[in-house]
């Protein structure tokens, strides 16, 4: 009968499976030899008893394949043992079936109970063999004792193989679970990167419209107003029409710029947008994340807000994906001549010099963060060492909104 411990592991190793089959073959072979010899010495009752014991053994194998409860296995073994005792009383030729019973005891019982059962089975076998004839001597004692010792050793080896198979299954399941979590994190990061990429393009278009169309319409409006105020053109309605059309289109251009700006900054200042990012990290991960605002907050140009927000999002994404950190802190500092954002984590860190300048990380790595800040006239510094966390500091010169 297969062990209960083994039936709870998925896919036993070939060695374990071979030992299982060998156990069944051993029991059937010893029982068959005993039945054949007993049929000649004890007659039909001993033969029929052997057949009955074989059928009971087959029932146990069937129960094991159906993942029967351990208690049923113990009951099955007890009945099997009592049946064997009845057979050896009928004929001592069944005594050597004890060797197979040793294995079953160690497979189905705890170690102490298995040792006790082995001692009892050995004692019964020796007693029966000693009483089988006047010529019985030390060989009939040494045989069962030696068989018990071999069975104990092989059962211990078998138990270790079963434990190794169970541990291997546990490790494989753990690796599969970790792989699934990694794939989910990669999908989440990919979605975030696509969202950031789309928003970046909208921000770029907004900045282009602001720097070209909106500025041009503003200049046309100012020139038209100057023309209306001129001494020679006071009665010329053309300048008034130009001023009206340019003003209306300037308003529309500014609406487009506002619509293309990041939604995180629509109705909230930079500090509030950063706080929302920190809150998302706390909700979606086990990280301890917080935001500290230093100095007196002031309105910044939209381009500065966008640059600092994107740096924060990229840095937080890197912390979640790579840092294996427990804590991350964002510090937004407003000073007289500059504004800075620091993102510090206590993760595994890395060697900044080993990160290639032209990496495949696209718009979401250190290169992209440096480009954003450099375009606004600022600087970005990354400090990190393996095992000592990472600090990202972005600084922009002060500029009125």
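The first residue you see is number 1, and the count goes up from there.
The backbone N, Cα and C atoms fix where each Cβ goes, glycine too.
Checking TrEMBL for transmembrane segment across the ranges 76-106, 169-199 points to 76-106. Looking at 137-159, 206-228, the stretch flagged in TrEMBL as transmembrane segment turns out to be 137-159. Of the listed segments 21-40, 241-260, TrEMBL assigns transmembrane segment to 21-40.
When the ranges 362-381, 382-401 are checked against TrEMBL, the one recorded as region 'Disordered' is 382-401.
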